[in-house]
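Q: Relevant sequence annotations retrieved from TrEMBL are reproduced here:
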DOMAIN    106-214  domain 'UBP-type'
BINDING   Cys130, Cys133, Cys150, His163  Zn(2+) binding site
BINDING   Trp140, Arg152, Arg153, Tyr154, Phe155, Tyr190, Tyr192, Asp195  substrate binding site
DOMAIN    257-733  domain 'USP'
REGION    397-423  region 'Disordered'
DOMAIN    548-589  domain 'UBA'
REGION    649-674  region 'Disordered'
Amino acid sequence: MAEVSEVLMSVLSTIRVPRPGDRVHKDECALSFSSPESEGGLYVCMNSFLGFGSQYVDRHHTRSGQRAYLHISRTRKAPVTMAGLMSADSVSHALQVQQWDGEVRAESRHAVKLKQLDNGTKIPPSGWRCEVCDLQENLWMNLSDGRVFCGRRYFDGSGGNNHALLHFQQTGHPLAVKLGTITPDGADVYSYDEDDMVLDPKLPEHLSHFGIDMMTMEKTEHTMTELEIAVNQRVGEWEVIQESGATLRPLSGPGLTGMKNLGNSCYLNSVMQVLFTVPDFQSKYVSNIDKIFDEAPSDPTQDFKTQGDQVGIAARMFKALVGRGHPEFSTNRQQDAQEFLLHFINMVERNCRSGVNPSEAFRFLVEERIVCQQSQKAKYTQRVDYILQLPVPMDQATNTEELQEAERRREEADSSGAPPPAPVRACIPFTACMAALSEPETLTDFWSSAAQAKTTATKTTRFASFPDHMVIQVKKFTFGQDWVPKKLDVSIDVPDTLDLTALRGTGQQPGEELLPEVAPPPLMTPDVEVKDPVPSSLALSLSLSAPVLDDSTVSQLCEMGFPLEACRKAVYYTGNTGIDAAMNWVMGHMDDPGGISCAKYTIKHVCLSWMSPTFNQVVSPIPLFQSNVLERAVDWIFSHLDDLESMEVSEGGRSAAESEGSREPPPGPKVRDGPGKYELFAFISHMGTSTMCGHYVCHIKKDQQWVIFNDQKVCASEKPPKDLGYLYFYRRVTDLYSSCN
């Protein structure tokens, strides 16, 4: 006992008590996926509060010298109950609801201090009706006053009549519970103020106020999650994409490890599984894992390279790191896999500026050719992209008659009250999608520098380079005529091999004249004086046609350092729709000739000033509430670091190159190029009616065998549903070679 006391006394000075704000990692190893339930448990450093599995605790001790660790080891025991066996949901149904990621709910900010009226209202256990329209289903009880109203009307006309929403708009009472979903385990609670499904930790108390005993209630209606599943089962999407009808052979081993669903992380799981089959990402984050761990900072949970390797069981730390500071990916809501892929690539770009950059595998150049129809002169521009967005021409469906007949039967069923018929999926040829992608686009409001007037032009988009790996997004998510978001239910015969050679851009052709690099004339605004005398009729015409610009938006842009003329153009061309739209326009026209290009210098000047004592003076005029504007500017900075590093700004406000009269453009982005022939090696599929709900799975071809990755479930695929994918991943079929442009 004396020896133990001596050991404890020798490390006592290194032991800290966690303070508010300290991050205590007691659930997951900082370098692996070990947890308290893993073999050997978890060791938490009593000084840094970092957790380490048994295989990594010695490494941390050697590097840090820490000797005091709290050993946490747990064994899970599954509870067993016989009550309610016949009335309980089957395991398959419960598993579907658990896997469906439509709602991962946060606690409502109104729940704890919700004010409930003492109005004597008591709600019976059944027999509910909407107080306004007598509807007997999809009923919601307001938790503030106990009044019962019908829910929202759905996009297809079903649901309710919006009376619960109207009641909130009239009273401001924020929370409502869906009657019929109340069980001892909980219920559906919606916050109209937060516009989301939420958790109410005091729900039993709130229900009891109106005479409802949760412990005696039984479910009589489908939950919102179950309704979403039912919709997708009707179209067969859920069954087909998950290959639910087949007995799939489980797989395991290197490259066949599933990832736990952290509540709504199937989009992240699918993207990361695919990315880490790409050799560039494997060599960057897996092959040299020992070097990464050895060079990891003192807190590896905040290191992108360390967490980038976390592809295995439950990537909690990785998800927290890549989502930190992002308005969407930092939440527990479902997200768009395509948006997350671009977000992750952006993070890789930022963290690989001085080393090997695996995102170069996807980077390519797009050539845009605009031809003025009046002068027949052309303009060529190039931009960087990572994903090819493929349009879906619904009018090219090969089963049009079948679709029309299905629509006729649906309308008959609606009018007669009969059950709706089975939906029919539109069959769109892949060749039609490619034709829609490559066809010229007509620009009706194009400013021609040759004609010095607005005219019509055609824009053609082609590839200026072909990447090692091509990502294709099928543009399934769109808006209906009523601007309600919807997902196109389509089947596309996506090929196993793809030849894009015919879509390579050719650049300026022999004998082709280019549009002169002349900026549009200054905009006529109310504060611009007309110095030359003009006839009164012309002056009247000018005053009537002069655009009225939002002075506050122009002022905010000017405060950010952009030239006045650029600010006026931005506000004019975005139709006075606000600072966000105007800022996006400025950032999207950095390469335009004339005044907008001056904005490049402004941002570069701010960036370089960060390293100077006058930093606060430079950025202080930027409104603090414009966080998205700053983020856009920072994104631009990080994507133009090569330009910034090559610039040496003098006190006179021009770079050394400009001072010497040099007009050589800075080097462009680093891209790989090669033949445009590819083979399909992976695709990500989405089930659900929108990107904000549903479920993602991915199929990956490994050793000529298609494998389905459905979160933790990894199996040999029997019928990969290649026609229902959302994101498709192709790799070059010839020997890879690189060239830097």
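Each Cβ is built from the backbone N, Cα and C atoms, and glycine gets one as well.
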Q: If you count Cβ atoms within 10 Å of the Cβ of Cys133 (Zn(2+) binding site), leaving out that atom itself, what do you get?
A: 13
Q: List, in sequence order, the residues of the same chain other than Cys130, Cys133, Cys150, His163 whose Cβ lies within 8 Å of the centroid of the Cβ atoms of the recorded Zn(2+) site.
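A: Apart from Cys130, Cys133, Cys150, His163, the close residues are Glu131, Val132, Asp134, Leu135, Leu139, Phe149, Gly160, Asn161, Ala164.
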Q: Neighbour count first, Cβ atoms within 10 Å, every protein chain included; then name which of Trp140, Tyr190, Tyr192 tops the list of binding-site residues.
A: Trp140
Q: Among the binding-site residues Cys130, Cys150, point out the residue whose Cβ has the most other Cβ atoms within 10 Å, with all shown protein chains included in the count.
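A: The largest 10 Å Cβ neighbour count belongs to Cys150.
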Q: Is it possible to list how many residues within the domain 'UBA' (548-589) are helical, extended or coil according to DSSP?
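A: Counts, helix then strand then coil: 29 helix, 0 strand, 13 coil.
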Q: Check each residue in the chain of Asp195 (substrate binding site) that is at least six apart in sequence and keep those whose C-beta is under 8 Å from its C-beta; list them in sequence order.
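A: None - Asp195 (substrate binding site) has no non-local Cβ neighbours under 8 Å at 6 or more residues apart.
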Q: How big is the gap, in Å, between the Cα of Cys150 (Zn(2+) binding site) and that of Tyr190 (substrate binding site), rounded to a whole number?
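A: Per the Cα atoms, Cys150 (Zn(2+) binding site) and Tyr190 (substrate binding site) stand 13 Å apart.
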Q: Which of these binding-site residues has the least crowded Cβ, counting other Cβ atoms within 10 Å: Arg152, His163?
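A: The binding-site residues Arg152, His163 were compared, and Arg152 has the fewest Cβ atoms within 10 Å.
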Q: Note the mean pLDDT of the domain 'UBP-type' (106-214), expressed as a whole number.
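A: Overall, the domain 'UBP-type' (106-214) comes to a mean pLDDT of 89.
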Q: Cα distance, Cys130 (Zn(2+) binding site) to Tyr192 (substrate binding site), nearest Å?
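A: Spelling it out, the Cα of Tyr192 (substrate binding site) and the Cα of Cys130 (Zn(2+) binding site) are 18 Å apart.
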Q: Please report how many Å separate the Cα atom of Cys130 (Zn(2+) binding site) from that of Trp140 (substrate binding site), as a whole number.
A: 8
